[in-house]
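The domain 'Major facilitator superfamily (MFS) profile' annotation in TrEMBL covers 32-517. Annotation source TrEMBL lists transmembrane segment at 30-57, 69-86, 98-115, 121-144, 156-178, 198-217, 304-325, 376-398, 405-425, 431-452, 464-487, 493-512.
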Amino acid sequence: MEEHAESKEKLQRAPFETALHHAGYGCFQWLLLMSCGAVYAVCALSTTTLSFVLPAAECDFHLSSSDKGRLTATPLIGMCVGSYFWGNLADARGRRKAIIGALLLDALAAFLSSLMQSFPAFLACRFFSGFGIIGATGLIFPYFGDFLSLRHRDVMLCRLEVFWTFGTILLPGIAWLIIQDPRFNLTSETADFQYTSWRVFVAACGVPSLFVVLLLMPFPESPRYLLYANKTEQALQVLQKIFVVNTKLTEKDFPVESMLACDGEEEEVVSADTNGNETKTPMTWNQRWHSFWSRKKMLVTPPYIGMLVLCCFVDFGLMFSYYTLMMWFPDLFERFSQFSSLYPEVSAGVCEVSANVTRSELLGKQECPQVIDDKVYIHTLVVALSCVPTALWVGLTINMVGKKLMLVMMLISSGLAALGLNLVRSSLENLLLSCVFEAIVSCTEAVLFCVICEIFPTKVAATAMAVTVMCGRVGAIVGNVVFGALVDQHCIVPIYMFGSLLITSGLLCTILPKSTRPERPH
């Protein structure tokens, strides 16, 4: 009896992870996975929209390859600026509100950019599209993770990654339905104000952002955020609702009466109010300042500074290669299509095709308005579909193979696939190698994020993640600008850069530690 009473007393005053465990795992988490997955699919859709704008808007804006590089880089600059803004807003107002605000801004930017008649104005709107969508992209993982116990967190977050692939599959379907259909050319070719099919496509890509906002509305704010925002009662009410959905019992049956306002490695002073609920003693300004600098000092001292630099280098090279080729694949497929129509019996590689198609356009052989070959949509869809098996395989085997070994293998193999682009001699070979590259590299950043969560202590893991993501986005900006400048006459240079950076990153990852944390409970 004494042991039972003691366990009951401990349960009445439980830490957050214990309370979350008692809330159960079931219907609520699966419904939230579907909604958060839809948000993440929309993030993929919005992030890759410009891949079809490159060939479709070429005539309207008279785009050179350098202009295309600037166009794909501009939303990335918006992402770099926006990630800091949305992170701070999420800390101040809540993760769910920040995600909804980011999606609304992305939808507005999509609609406005479809109306812009000049290239600089279009660039400005796409900047704000990137500024908005990075908020949803960066926050949907921590928001979803806050509803998951340690036992289920890794597997469920890997399942969330699968939805990114669904977004990239959806994009070529929407593009093919709209851009190719002359009924979506809503204005005549001689009109001063042009609203052609590719503009309708850009606007249509903003509609899903509004749709997923509606999917998020029924769900509550993150209980972990509410706890750390000193809203312990609200956090407990959220866990009670999860308990009711998962167990079909009543809120009164929830075994936890109050939560300790402490979690992880940093315990905070707690006191009971008149209702018996635990509340945090507000930290003074000096205490917050000291805590902030102690975390930053920890991150820039050995061994963490070396691991941080390495992770930043890996993500820079990864996004330099992955995001650049992902955005340029439809344009490269279109160049192969044009080359085949101009030189039917000639086989050539990516660089010869790019150089010859550009030279043909300069000679006036390319007609405007340009009609994108149906094969471009089919090939892009095939590349997107090739990512599905890998995404499922990573989720199933990441714990068996090991995060570090999986990261090393994926980086080196994707680097070899990138170098192989110099060897292709036909459109089919280019498609097959593009599928191999995309299938491997599309999940590599998610594995890198899992490694970061393992090798950095909890108190600095979020900062390490933010710095790494920032370096990755800078790599994507540099990659798009470099590829746009060199693709016409010197495309062999960026291809060698892609392969070299990925292989070097994979070899360097072998020196990373396996983990700095104790084993998680099973």
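The chain as shown is numbered from 1 upward.
Here the Cβ of each residue, glycine as well, is placed from N, Cα and C on the backbone.
The model shown is predicted, which means the values in this text are computed figures rather than measured ones.
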*Out of 156-178, 304-325, 376-398, which stretch touches the transmembrane segment (431-452) the most, going by CB pairs under 8 Å?*
376-398
*Do at least three C-beta pairs under 8 angstroms join the transmembrane segment (121-144) to the transmembrane segment (69-86), pairs 6 or more apart in sequence?*
yes
*Cβ pairs under 8 Å with the transmembrane segment (156-178): which stretch of 69-86, 304-325, 376-398, 405-425 has the most?*
376-398
*If you average the pLDDT over the domain 'Major facilitator superfamily (MFS) profile' (32-517), what number do you get?*
79
_Between the transmembrane segment (493-512) and the transmembrane segment (304-325), are there three or more CB pairs that fall under 8 A, provided the residues in each pair are separated by 6 or more in sequence?_
yes
*Winner by Cβ pairs under 8 Å against the transmembrane segment (493-512), considering only 30-57, 69-86, 98-115, 405-425*: 405-425
*asked:* Using Cβ atoms and a strict cutoff of less than 8 Å, what residues sit near the transmembrane segment (98-115) while being 6 or more residues removed from its termini?
replied: 39, 42, 46, 49, 82, 86, 89-90, 122, 125-126, 128-129, 131-136, 139-140, 143, 195, 199-200, 202-203, 205-207, 209-210, 212-213, 216-217
*Please give the sequence-distant neighbours of the transmembrane segment (376-398): residues at least 6 beyond its ends with Cβ less than 8 Å from one of its Cβ atoms.*
51-52, 55, 154-155, 158-159, 161-162, 164-165, 168-169, 171-173, 175-176, 180, 329-330, 333-334, 337, 406, 427, 431, 434-436, 438-440, 442-443, 446-447, 450
